[in-house]
There are 2 protein chains.
Amino acid sequence: MPKTKVAIVGMGTVGSGVARLLLDHGDRTARHAGRVLWLEKAVVRDLSKARAAELPEGVLTDDLDEVLNDPEITVVAQLIGGLEPARTIMLQLLEAGKDIVTANKALLAEHGPELFERARELGRSIAFEASVAGGIPIITNISQCLSANQTLSLEGILNGTSNFIVTQMDVQGMAYEQAVRLAQEKGYAEADPTMDVDGTDAAQKLAILAHLAFGAHASWADIPRVGIDQLDPEDLRFARELGYRIKLLATAHLDDAGLELHVAPTLVRAGTPLAEVQDAFNAVRVVGDAVGPVFYHGLGAGQMPTASAVVADIIDTAVGRTRLTFQTLELFSPVGPPRVRLRAFDELPGRYYLRLHVDDSPGVLGKITGALGRHNVSIASVIQHEPDDRADRNTVPLVVMTHEAPEGAASGAADQIEALPEVVGNVVRLRVKV
Amino acid sequence: MPKTKVAIVGMGTVGSGVARLLLDHGDRTARHAGRVLWLEKAVVRDLSKARAAELPEGVLTDDLDEVLNDPEITVVAQLIGGLEPARTIMLQLLEAGKDIVTANKALLAEHGPELFERARELGRSIAFEASVAGGIPIITNISQCLSANQTLSLEGILNGTSNFIVTQMDVQGMAYEQAVRLAQEKGYAEADPTMDVDGTDAAQKLAILAHLAFGAHASWADIPRVGIDQLDPEDLRFARELGYRIKLLATAHLDDAGLELHVAPTLVRAGTPLAEVQDAFNAVRVVGDAVGPVFYHGLGAGQMPTASAVVADIIDTAVGRTRLTFQTLELFSPVGPPRVRLRAFDELPGRYYLRLHVDDSPGVLGKITGALGRHNVSIASVIQHEPDDRADRNTVPLVVMTHEAPEGAASGAADQIEALPEVVGNVVRLRVKV
């Protein structure tokens, strides 16, 4: 049986998982690849650091040159996080003739065009299934399995950390800070969870998926995004009362006006599959013009789900499938203009949930409906509860669900409402999944 | 741009859908394939029959030789149903050097080994994504995306017709015959729906998936199967009362004792994803040892979902991915023994739902629990309702949910219970998903 020599660069959690699959299950990978996948080298920065994975003698090294200068190593799983030295190492590996497998979506989001162009020039490939949605093979599904379709929409819960935190807040009634700490204890959140909870991570993943599914040239930084870091438990409760759950939803919708892209905490109707995604799970719902809706659900992160995606990519690369796919992949492609126009955020249609606290006095509701009316935002339903006691004022919480209106109009109305003297504090405005 | 000439054999519903995608969306398929997919011929039996798809001059023919003798046609979507002449035509196409795409799972289930062996000998490939679960790309997901995993279990709602009928009975309270008629009107069921409703179709699909996921050499005819054709609305109601739904579930579970395979109406806990699969949708839940659980949900049949899968296969075949996958595919492979032992049905563990009608007299429950006890089947819960009036006897319906026990034991106990003089009619016994 032929042999493909493989190296891993970066032996963190995912790298150790990949090593385990390659070392402990060589029969399995050989069966699927039709060749032995031989772990030749595992490159680390610090040899003295303790590691979970037991490696055979001679595999572990802190010298990248042992990979770069070994022409028999043809596939490298580049599993270093962050931007540098990950970027430089990936370029070095490409120059040295290696095909790359990576899980680093931040790197692709920032330097994808440069890396992909270089790979194309050099006749190499970059596989990146593990970079989005962990164990859900959404990259292969969009770029290969659903390739007969024009994708019409894509909605995803793409950040497991955020979903875990929101689930704890929603189901267990935990405070935000407490839920973050639990996520950190369980290894779902970094010491600094900012990129997860502020929507950056989900926007980076959405940018990759939007490239693949729509041929959009979307930079993640241009995707409007709101995280869960400001989410108020009060809104989780009201959403529940209205028959919804709040999820950090990454949304892409195509229509004649162009492509709508955004990441935001969104009210999703309870009982629908996306609303019921719990804990660190991810889910993606894709609608194709031929296939209709397809729904995927799986673990969004974690050592072995991510390693599963990396090793599938290693197999695909060793077999030769990745090279074939990479050639026609609509990702960071310099060829031709984008196939879709990105819609401006203000023009995006949406339904909205508005929650505010108002003085318990006559005429207030009239002023609020007036502000909405002036922006042509019509009201679908209103909940006004009994008075609560907020500090020194006698206020009542008020929730307004609107019919469909452009973001700009809803935002303008919300600003005007917030400026009313009878309104205490901020107006919370969340999107409602249509 | 290079061109691959494609032919369709069989212009029924799916064939017309495939033609539509190839003709109307040539830009799309060319983008994903990196080559033009050119529909050169569409072969039909009867030229005079009216067709939905508008074909360009010269494409439609009733002469298969126009495909067989044209060496430029390299990919053929063979979309004739049934066993013959489908089998003979597929062999002719392979001999003529064509790579095949098919949606005919019955043909694969019956003649897969012969067809695959011939394809291997001739250096050709057979792609069959459309043969299982319609729009859900489960074949590629198992054989490629999850290839780093040992599959531990696979549970699927694989027959859209049955699921549609059961949904109508369960949600709308329709009678079985009425639901079958509605399924026929909507095009979900054939004029003779036997293969769908008696579990044959699901068993054929499960056999294919079990080959791929477990390396099992399972003939569909050996898979124990019960259909929905005997399902009593009374059991749908009791299941609901117990917090379950009844679904025609295809199950494969691997443990140290071997592989469990069966198709049966099964109680699935309400609120879990498989329980909530409605109408003609299909769903598959796969558990891999690395990736954990992955859940797929999509349209199981219909013109365009199936055509989507066929065209994805045509693209994969034209690009060369199918050839690479086919070489290492664990399906109908003559190499080596099966990797798993198929467990005998009688030894399979399961929980059970037993429903019976008994005379409303003292001591009956004792006799029933006695019969269960003699077979070491322990009771988890019992529901006994108020008397109903069945014909001339005063009987009460009785539902027993058991703890886990082997099929053989549960079946033996049920037979003994059915033989009790106080039991009226049959004992209904259904599996409960653990």
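The backbone N, Cα and C atoms fix where each Cβ goes, glycine too.
For reference, TrEMBL has these:
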{"type": "ACT_SITE", "residues": "B:Lys205", "note": "active site, proton donor"}
{"type": "BINDING", "residues": "B:Val9, B:Gly10, B:Met11, B:Gly12, B:Thr13, B:Val14, B:Gly15, B:Ser16", "note": "NADP(+) binding site"}
{"type": "BINDING", "residues": "B:Lys105", "note": "NADPH binding site"}
{"type": "BINDING", "residues": "B:Glu190", "note": "L-homoserine binding site"}
{"type": "DOMAIN", "residues": "B:353-432", "note": "domain 'ACT'"}
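In this structure, the binding-site residues B:Gly10, B:Gly12, B:Gly15 were compared by how many other Cβ atoms lie within 10 Å of their Cβ, and the smallest count belongs to B:Gly12. In sequence order, B:Gly187, B:Gln303, B:Thr306 make up the list of same-chain residues 6 or more apart from B:Thr13 (NADP(+) binding site) whose Cβ falls under 8 Å from its Cβ.
Straight-line distance linking the Cα atoms of B:Gly15 (NADP(+) binding site) and B:Lys105 (NADPH binding site), rounded to a whole number, equals 15 Å. For the recorded site, B:Val9 (NADP(+) binding site), the DSSP three-state label reads strand. Most Cβ neighbours within 10 Å among the recorded positions B:Lys105, B:Lys205: this distinction goes to B:Lys205. Same-chain residues that are not part of B:Val9, B:Gly10, B:Met11, B:Gly12, B:Thr13, B:Val14, B:Gly15, B:Ser16 yet have a Cβ within 8 Å of the Cβ center of the NADP(+) site turn out to be B:Ile8, B:Gly17, B:Val18, B:Ala19, B:Leu79, B:Ile80.
Ranked by CA distance from the residue listed as 'active site, proton donor', the binding-site residues B:Gly12, B:Lys105, B:Glu190 have B:Lys105 at the top as the closest. With a cut-off of 8 Å between CB atoms and residues at least 6 apart in sequence, the same chain places B:Gln184, B:Asp196 near the residue listed as 'L-homoserine binding site', listed in sequence order.
When pLDDT values are averaged over the domain 'ACT' (B:353-432), the model yields 90.
B:Glu190 (L-homoserine binding site) falls outside any helix or strand according to DSSP and counts as coil. Within 10 Å of the C-beta atom of B:Val14 (NADP(+) binding site) sit 26 other C-beta atoms, taking all shown protein chains into account.
Cα of B:Val9 (NADP(+) binding site) to Cα of B:Lys105 (NADPH binding site): a span of 16 Å.
In the three-state DSSP scheme, B:Val14 (NADP(+) binding site) is classed as helix. The two recorded residues B:Met11 (NADP(+) binding site) and B:Lys105 (NADPH binding site) have their Cα atoms spaced 17 Å from each other.
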